[in-house]
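**Student:** Heads up, here are the entries from Swiss-Prot:
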type     : residues       : note
TRANSMEM : 46-69          : transmembrane segment
TRANSMEM : 135-158        : transmembrane segment
TRANSMEM : 175-199        : transmembrane segment
TRANSMEM : 273-291        : transmembrane segment
TRANSMEM : 330-353        : transmembrane segment
TRANSMEM : 369-395        : transmembrane segment
TRANSMEM : 417-439        : transmembrane segment
TRANSMEM : 517-535        : transmembrane segment
BINDING  : CYS559, CYS568 : [4Fe-4S] cluster binding site
TRANSMEM : 575-596        : transmembrane segment
TRANSMEM : 643-665        : transmembrane segment
BINDING  : HIS654         : chlorophyll a B1 binding site
BINDING  : MET662, TYR670 : chlorophyll a B3 binding site
BINDING  : TRP671         : phylloquinone binding site
TRANSMEM : 707-727        : transmembrane segment
Amino acid sequence: MALRFPRFSQGLAQDPTTRRIWFGIATAHDFESHDDITEERLYQNIFASHFGQLAIIFLWTSGNLFHVAWQGNFESWVQDPLHVRPIAHAIWDPHFGQPAVEAFTRGGAPGPVNIAYSGVYQWWYTIGLRTNEDLYTGALFLLFLSAISLIAGWLHLQPKWKPSVSWFKNAESRLNHHLSGLFGVSSLAWTGHLVHVAIPGSRGEYVRWNNFLDVLPHPQGLGPLFTGQWNLYAQNPDSSSHLFGTSQGAGTAILTLLGGFHPQTQSLWLTDIAHHHLAIAFIFLVAGHMYRTNFGIGHSMKDLLEAHIPPGGRLGRGHKGLYDTINNSIHFQLGLALASLGVITSLVAQHMYSLPAYAFIAQDFTTQAALYTHHQYIAGFIMTGAFAHGAIFFIRDYNPEQNEDNVLARMLDHKEAIISHLSWASLFLGFHTLGLYVHNDVMLAFGTPEKQILIEPIFAQWIQSAHGKTSYGFDVLLSSTTGPAFNAGRSIWLPGWLNAVNENSNSLFLTIGPGDFLVHHAIALGLHTTTLILVKGALDARGSKLMPDKKDFGYSFPCDGPGRGGTCDISAWDAFYLAVFWMLNTIGWVTFYWHWKHITLWQGNVSQFNESSTYLMGWLRDYLWLNSSQLINGYNPFGMNSLSVWAWMFLFGHLVWATGFMFLISWRGYWQELIETLAWAHERTPLANLIRWRDKPVALSIVQARLVGLAHFSVGYIFTYAAFLIASTSGKFG
């Protein structure tokens, strides 16, 4: 009996129902709630699991490299990146008939293969990899790192190597390690790789370990560094006629500030990228040495925060008490980390397409669409997680005495003002945006399109103009040839930048109009509503006027029983649950907008987006319906094509999504009755009744069923859109 799952909770292990299994899985990673957990063991478990996480990441990336080297066509892709389709891996599928085998045999492969839409080929090519042998070497190296990570994780669980709690709470040393050690040194190392391997590679020079010490990255070597003539490293950059990967038109510069894109690859100049990473390395190496560690010099985080008291008294005691609050709360730290990572991930999505860093990736339209969508959805999940852990912090870790009248306490004190302002903004955006869309729909339905309300986004156009876009006719800042800003940058980075901003073949500063104005406000509605739900969930997590003792019920509770009306659906978990639906909806609008705008740009018919995006029927008919034709007809009685797998996934995604509603709409009683009927039938059926179970089958709890429903809704939603996105883009552009 003692060994029953879950071993970390004796109470659950003795539960006689199937609740034991589901609750066990649900709380397996909630180390804080486990029996006889100590603060020390908590920190050590989390620390060790980080190494496990790293091992999985290294193993996964190793697998990417290995499969492309084994089954891909990297070497032939390198010869002609614009016309050879990159292969991710082979497909072994006994279900394939002859038509399917033919349809999926592409990219010069001997059998059926999957095409890569992840951009790894462009990335590996840009950083200097050229042969399958290079890929195998990389795969082996990552496998080695994976093994090292596993060993490190195991080692730090052994008594001799277990770090103490004080080690984990040494904030200054951690900043030193992360800022200088991880960000600084890795950025410097990456600059080194770009300068020594990638840039020579882009100029036709193959640098590997055997000639690494013989090939000078710059003709003058380290001379200019030691004599202070750093500008020499920027002289003689690659010319605009440079053919990437060859010496034709190549220069000798290694650290430049050219601005704009390489004309052939349509990606940022590698020498600009190296310069950027060197600057980042310098900033982080300095930043990591600003805090007091072993030598008694530098800032103490605690002293900094204690001193942050605004002189006017408007923020009370300012940051007093925050150091201990944050440093002693893992949830607060995780919330901060997730919020930062979520913002960064969304920024990655925006910058990967507008300022592509990898050679030729801008011309691989399906990859561009897939990467944008992928990073935006991940950002959404990470951001909602940040608020979830913020709410858990308020329930489990927040100490009112420690934070009296500081910024954290004051935020809780005026939460009503925060929540009601967010509510007002959401209502305003929602009614006005929907009102405009619906008005325009009615005008089109009644045959008077000229009566639409179309608003030009003049402020956004002015901002684009200030950064150098000339087509709107605002003569301002960088779009004004007489301004000081224009003249200051004219000889350095501006020619490349201005050329890129005003060139209509890339995605930098797309021309915007009334359709963009409307969808921008629809997205703003989604963002504000998602934020409203998340912020309210966190600020009301400890208690509200309706339920002042809420924190005593924990993070996720269904209700406080039948005797106390109105306590259902108000746990912090419920807020997270509701917010995820809004998050998915919002990112749906974001990705619809991005994709439709770009499809029309790539096809050269931007007027379709401009004319149809100002009313809802335009979105439904000219974006969703028009682009789903390949999916709706993916496989039929007359055969199939290479899009059929996406057509199947489109259907399957809808199925998973719809299954979610089965868990979201019906409640426990229905399932409990059904389960008891099925158990009765099972026990009376010959042969079947030979199989017995130890746990009495019971329905999922309300919170669990919501989680299962939410998971199906999310996964189905994303599967459906992924299939639509990849099929509609690759079907048009190959």
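Don't overthink the numbers, they just go from 1 along the chain as shown.
Note that Cβ sites are derived from N, Cα and C of the backbone, with glycine treated the same way.
Worth saying up front: this structure is predicted, and the values here are computed from it rather than measured.
Describe the structural surroundings of these features, if you would.
**Tutor:** Away from its own ends, the transmembrane segment (273-291) comes close to residues 171-172, 175-181, 183-185, 187-188, 190-191, 194-195, 198-199, 234, 254-257, 298-301, 357 of its chain (Cβ-Cβ under 8 Å, at least six residues beyond either end).
Outside the transmembrane segment (369-395) by six or more residues, the chain places 117-119, 329, 331-332, 334-336, 338-339, 341-343, 345-346, 348-349, 352-353, 412, 530, 534-535, 537-539, 541-542, 551, 554-555, 572-573, 575-576, 579-580, 583-584, 586-587, 590-591, 594-595, 598, 718, 721-722, 725-726, 729 with a CB less than 8 A from a CB of the stretch.
Taking Cβ pairs closer than 8 Å, the transmembrane segment (417-439) reaches residues 411, 452-453, 455, 518, 521-522, 524-525, 528-529, 531-532, 535-536, 539-540, 614-616 in its own chain, all 6 or more past its ends.
Under the DSSP three-state reduction, CYS559 ([4Fe-4S] cluster binding site) is assigned to coil, being neither helix nor strand. Counting only residues at least six positions away in the same chain, the Cβ atoms of THR567, CYS568, ASP569 sit under 8 Å from the Cβ of CYS559 ([4Fe-4S] cluster binding site).
Same-chain residues lying 6 or more positions outside the transmembrane segment (575-596) and placing a CB less than 8 Å from one of its CB atoms are 353, 369, 372-373, 376-377, 380-381, 383-384, 387-388, 391, 516, 519, 522-523, 526-527, 529-530, 533-534, 536-538, 540, 609, 613, 619, 623-624, 706-707, 710, 713-714, 717-718, 721, 725, 728-729.
Among residues of the same chain six or more beyond the transmembrane segment (643-665), those with a C-beta under 8 A of the stretch's C-beta atoms are 100, 103-104, 628, 630-635, 700, 705-706, 708-724, 726-727, 730-731.
A helical conformation is recorded for HIS654 (chlorophyll a B1 binding site) in the three-state DSSP classification.
Around the Cβ of TYR670 (chlorophyll a B3 binding site), the number of neighbouring Cβ atoms within 10 Å comes to 11.
Cβ neighbour count for TRP671 (phylloquinone binding site) (all protein chains, 10 Å cutoff from its Cβ): 17.
Through the fold, the transmembrane segment (707-727) approaches residues 26, 117, 366, 369-370, 373, 377, 577, 580-581, 584, 588, 591, 595, 624, 627-628, 630-631, 634, 643, 646-647, 649-650, 652-664, 700 of its own chain, all at least 6 residues removed from its boundaries and within a Cβ separation under 8 Å.
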**Student:** List, in sequence order, the same-chain residues at least six positions removed whose CB sits under 8 Å from that of HIS654 (chlorophyll a B1 binding site)?
**Tutor:** GLY716, THR720
**Student:** Cβ under 8 Å to the transmembrane segment (135-158), counting only same-chain residues 6 or more beyond its ends: which ones?
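**Tutor:** Non-local partners: 44, 47-52, 54-56, 58-59, 61-63, 65-66, 68-69, 72, 74, 124, 129.
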**Student:** So what's near the transmembrane segment (46-69) in sequence-distant terms, Cβ-Cβ under 8 Å and 6+ beyond its ends?
**Tutor:** 31, 87-89, 116, 118, 120-121, 124, 132-133, 135-136, 138-140, 142-143, 145-147, 149-150, 152-154, 156-157, 163, 168, 330
**Student:** Report, as numbers and ranges, which residues of the same chain sit near the transmembrane segment (175-199): CB under 8 Å and 6 or more residues beyond its ends.
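**Tutor:** For the transmembrane segment (175-199), the sequence-distant neighbours (Cβ-Cβ under 8 Å, at least 6 residues beyond its ends) are 126-128, 207, 212, 215, 217-218, 254-255, 270-271, 273-274, 277-278, 280-281, 284-285, 287-289, 291, 293, 301.
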**Student:** Quick one: give me the count of other CB atoms within 10 A of the CB of MET662 (chlorophyll a B3 binding site).
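**Tutor:** Here the count is 13.
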**Student:** Quick one: Cα separation, TRP671 (phylloquinone binding site) versus MET662 (chlorophyll a B3 binding site), in Å?
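**Tutor:** Counting only the Cα atoms, the answer is 11 Å.
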